[in-house]
Amino acid sequence: MVLCQGGEGDAAPAAGGQEPEVPPGREDGPGSVQPRLCPAPGVEAAGAEERRACGCCSGMSWPFCCEAPGTKKKAACPGLGLFYTILSAFLFSVASLFLKKIEDVHSVEVSAFRCVFQMAFVLPGLIYYKTGFLGPKGKRIFLFFRGFLGSTAMVLLYYAYQVMPLADATVITFTSPVFTSLLAWIFLKEKYSLWDLLFTLFAVTGVILIARPPFLFGSRVTGIEGSYSDHLKGTIAAIASTLSAASTIVILRKVGKSVHYFLSIWYYAVIGLIGCVIALFVLNEWRLPHCGRDRVFLILIGLLGLGGQIFLTKALQIEKAGPVSIMRTMDVVFAFILQVLFLNHLPTWWTVGGALCVVASSSGTAIRKWRHSVKKAKQREI
């Protein structure tokens, strides 16, 4: 064995065209070069078979791999990733239902409780993986805006849930993939085709059908929850939340794998908590719930939100992003069901039409991204 330097050809793409996962806490910069042990010329052919046999450790050959050659790997359960996605959508929907049931608690305060739960669960991970609390110097500004925009999206979404029908707010949030493609085209110079433009128009049409502005639908708008002014405020908050969430995804794409995902969630929780506390003092809205039921709901919202995020992350680890994005539209179905069963509010045909437009738009965007990634993977294999 001799010591050599890894070149560009050493990092072969993993199966499916996805880049190999970086071990937690071991992310390297784009220009780093790591030494590795190279086999002698006589044993290189024998080692090639072992490297092909193992795909669990980014292509490293045994004994540096975690499994010896010939070890039988446990077969993944078919459809497990999609099941995790459905479970995640259900947990998020139930958390939204509990948010609708809470009385006399501002959405900013609910967001603060959510941030506290995230900090409590992420902190042990930061300590275990030794990632630090600030991150690389060149990435801190991106992490700050990721935390600020992510927490802003959460507060605005919770406000939309409180002042407008649950299904309407949920449907509007599913325009996020469409706006993500648009922002990625503007800031990251990613490809934006006529199909993407068509899906964007579909999404905007769906939002208009849900909002039903009076200058298009007349002054008598029926089938809304509460006053139309609250409905309009909730629509604006939901759209702003969607744009903030899309901006967060663009920032995460910009950062890439150079920052541990635990650190990204940590910034999200810390900056969100600081912002929520400041906003509560300015609005003079800080108060503990008077009802014990509301306190239980606050705890359940934090636990269900965290559980939904965990299952969604697990789904993305074992399933391609395209099917997961399509299956996430089950969130809309759950929102309609829960709204009818527990809130006694039947959706109007305008809402159903808007939901169909938004679901078709987000699904079309996900399918196009999925096909593009598969095509790119086949080109790499060739």
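From the backbone N, Cα and C atoms, a Cβ is placed for every residue, glycine too.
Taken from TrEMBL as is:
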- 10-20: compositional bias 'Low complexity' (COMPBIAS)
- 80-211: domain 'EamA' (DOMAIN)
- 233-362: domain 'EamA' (DOMAIN)
- 1-34: region 'Disordered' (REGION)
- 81-99: transmembrane segment (TRANSMEM)
- 111-129: transmembrane segment (TRANSMEM)
- 141-161: transmembrane segment (TRANSMEM)
- 167-188: transmembrane segment (TRANSMEM)
- 195-215: transmembrane segment (TRANSMEM)
- 235-253: transmembrane segment (TRANSMEM)
- 265-283: transmembrane segment (TRANSMEM)
- 295-313: transmembrane segment (TRANSMEM)
- 325-343: transmembrane segment (TRANSMEM)
- 349-367: transmembrane segment (TRANSMEM)
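Contact check: the transmembrane segment (141-161) against the transmembrane segment (349-367) gives fewer than three Cβ pairs closer than 8 Å, residues 6 or more apart, which falls short of the contact criterion. Under the criterion of 3 or more C-beta pairs below 8 Å, with sequence separation of 6 or more, the transmembrane segment (295-313) and the transmembrane segment (111-129) qualify as touching. Just going by CB pairs under 8 A, the stretch in 111-129, 195-215, 325-343 that sits most against the transmembrane segment (349-367) is 195-215. Between the transmembrane segment (325-343) and the stretches 111-129, 167-188, 235-253, 265-283, it is 167-188 that has the most C-beta pairs under 8 angstroms. The average pLDDT computed over the domain 'EamA' (80-211) stands at 86. Of the two recorded stretches, the transmembrane segment (167-188) does not lie close to the transmembrane segment (265-283), with fewer than three CB pairs under 8 Å once pairs fewer than 6 apart in sequence are set aside. The list of residues near the transmembrane segment (111-129) in space but at least 6 beyond its ends in sequence, with Cβ under 8 angstroms from a Cβ of it, reads 24-25, 151, 154-155, 158, 260, 262-263, 265-266, 268-270, 272-273, 276-277, 280, 298-299, 301-303, 305-306.
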